[in-house]
Amino acid sequence: MKDVSAIRPFSMSFCVSMSFHRMEGVDGAEESDGSKTLEEKLVVAVRVRPLKPDEAERCLHCVDDKTVILDETELGRKDVLRQNRAGQRQFIYDVVFDEESTQETVYDATTRGLVRDVLLGYNATVFAYGATGSGKTHTMVGDPSQPGIMVRALNDLFLTINNHGHKFTVTMSYLEIYNENIRDLLNPSSGFLDLREDTGRSRNITVAGLTEVTAKSTQEVMQLLQRGNRERSVEPTAANKTSSRSHALLSVTVRRTAPTPSNGGSGSGQYQTRTCQGKLYMLDLAGSERASQTKNRGKRLLEGAHINRSLLALGNCINALSGGGSRYVNYRDSKLTRLLREALSGNCRTVMIAHVSPATGHREESRNTLIYAARASGISHKVERNVLDVSFHVSQYRSIIQDLRAEISRLRAKMTEERPASAIGNEDQEEEENKYATINDDNNNNDEQNNNNNEITPNKQIRSGHTVKQLRELIVSTFREQMKLRRRLMDIDGHLLSLGVEAERQHQIISQWESQHNRLYHRHTTGSDWMDNGDLNIHQAWSELSYIEREQERYVALRSATVRDLDNCRQRAALLENELPSKLDSDTEREMLSLLCRVHELEADKMALQGERLVENHELRRRGELLQRFHRQQKICEDIISRQRQLMEESRISLPGDLQDLYSQYQKEIHATSLSLDTAGVPYTAYDVLPPVNKDPDPLFETRLHTTTTQTQTASSQERERERHKRSGIEADLTLRTPTGSSTASYEWESGFPPLHTSANHKPAPLESGMRIPPPVLFPPITSSYHN
Ligand SMILES: Nc1ncnc2c1ncn2[C@@H]1O[C@H](COP(=O)(O)OP(=O)(O)OP(=O)(O)O)[C@@H](O)[C@H]1O
């Protein structure tokens, strides 16, 4: 058995030590951690299952707790194409579990830390990947004698919660994707469920109608888990007697609400509520399978096809993500990848446990899995804590409530002054006083209820109560409708903006492709054409763009309808307010209702402001992205200039006067930018000289370059000076001078580095033997000829 403590840093660095450290903070210290964003790498573990009695030969060996060696000799002998590469192939991962590793070891090193992270408000995912029969379900679910990760994680979660004084709410859901259909494992009778994408900024994926059960104890969740597992689609196949025919996803959400000191600090005695929410996703994938090996027919064959297709989509996402930030990642190809979108690229810590069989008979599957796992090691993304800080919203509400209070005080004073005798009749003065006292108390007792019209209007106590009540109900329902419509409008605007950003991203992919291939791409290109082009990404970008355009059209239509409804609603509200004086017989009552309308107006204005802020935030983000793109382009341009200068120097190509002018202009421009940014107090890091020629500059080289540049500039300005003198008829003997005053003729290139020549007639020195002729420079293009 492998000793957990012997496993070297992966587990410790990522899961165990980091998380234990932060866990100390569950009692408060972690608050300083705030909503820090961390760059996280997807952690990849490999587990090798034991050989079965009927599997004699092995092709896979664990060298240590990070390295696996695959023996490809046999493969090489059979496969002519791979013969050259046959031999032993080494794979290195964050952690490798050999056949003797226990369930506990695997859990400790991969998931224990994630459970603690989730309690602190991070999202985390652990998923098992591998071919059929490689041991995924054993790791994730296990059996009563050897419980797997799901059981251990839930147990651990409740144990930790019970040891802490905070208020935690745990909810869980369990689903399976079977033949591209989603089934609720906690409520299988609900039929197939749909995936929904949030219209808001987050664009979270949710499963409509999925049962979310609030669990209170370990026992309860274990029962739920067992119930779900019994519902899972499991069938015997030739490859595995208990083969899972579906992907199973267990989601556990932990919400922690804790009072934290408000701005005045704990000393002020004021507290506000802070909520942390973390999600743990545990996923047991169905295994990839080869029809030739599984000998599946009919229904099993169809299941296998669905499984393979979704795993292929997952593999494509992994490929694209591991290739760096620029590649298009298509999550839309399967429900599995749509559900895993956040785990792979969003705000989520993710551990992948790849499973392999050591048996020679499964060499090809093991090899594929090992390659996938190695690719997935290249994935990294940003993770941040989900802290829903309510203090900001509270302060917004407070200021509105303060305004309302002032309004109410004014009205109260007015009511006392102007109360007409006729309206009061013979009622007892003391009773009247009590009425106002009731209003007063209501207003003082609950600030937030001031927004709620029910608390403001003392309709029961006002003489014309029935009319007031009816009117109030009408006004309230119109107001509610307005609010609903404004919220919808806000969501639509947010969604339209996100669609716009996404469309821009797709256009970028397309234009990159077009400039690479120097031709336009036709969106009506047929499938076989793009296959011929050998570029799947461009086709995906177009299909994504078509989808976005359809969505944009739909949302624009929805927006117009909502604006129409809102206008109607506002007109109705205005009419109601205008009718008030004729329907009521007391000035005070009119004032009260008009105040009610004012409250509604304020609420409505608040919503409008929130909407505007959302739009501004989007605009800021868009501009930020644009700026980043310009910076990237600038960097590329500078690299190109440097490289070209280097090539020119190496090839002794003379620098034409107009290019020289462009260089000086560039230098001035950079200098001016640097000055203006310096004055604004912003640190500036751009070059204040022309981009360096050498990537890895040697000091001597830099000095030479500087001298050369200065010299050529001097030469150019002297050339212009000479021209000016010529035009004015003055013959002058202007000798080309170096900055130190010596003439060019006598100037010595002590280091042997050649100067940049300024004369167009200058003939470059013959190339030394073996010197490479530089390729033609393609930037910037002189003509752009696009063809289909
Ligand atoms: N590490 C292990 N130790 C002991 N037995 C194991 C181990 N891994 C797998 N097994 C056994 O191998 C068999 C196949 O494992 P399992 O069902 O977990 O594979 P799977 O990858 O989930 O397959 P499928 O994708 O077809 O569902 C089971 O009988 C399981 O108990």
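Along the chain as shown, residues are numbered 1 onward.
Note: Cβ is positioned from N, Cα and C throughout, glycine not excepted.
Here TrEMBL flags G130, A131, T132, G133, S134, G135, K136, T137 as ATP binding site. Counting Cβ atoms from all protein chains shown, T137 (ATP binding site) has 25 others lying within 10 Å of its own Cβ.
Residues or ranges marked as compositional bias 'Low complexity' by TrEMBL: 440-455.
For 737-746, the entry in TrEMBL reads compositional bias 'Polar residues'.
Sequence annotations record features per position, and here TrEMBL assigns domain 'Kinesin motor' to 41-379.
Among the features that TrEMBL reports, region 'Disordered' is placed at 417-460 (among others).
The region 'Disordered' annotation in TrEMBL covers 706-751 (among others).
Residues T132, S134, T137, taken from the binding-site residues A131, T132, S134, T137, are distinguished by a CB atom under 6 angstroms from ligand 1. In the shown protein chains, 25 other C-beta atoms lie within 10 A of the C-beta of T132 (ATP binding site). Residues near G135 (ATP binding site) in space but far in sequence (CB under 8 A, at least 6 apart, same chain), listed by position: R47, R49, H355, S357. A 10 Å cutoff on Cβ-Cβ distances gives G130 (ATP binding site) a total of 29 other Cβ atoms nearby, all chains included.
Cβ neighbour count for S134 (ATP binding site): 27 (other Cβ atoms within 10 Å of its Cβ, all protein chains included).
Taken together, the residues in the domain 'Kinesin motor' (41-379) have a mean pLDDT of 80 on the 0 to 100 scale.
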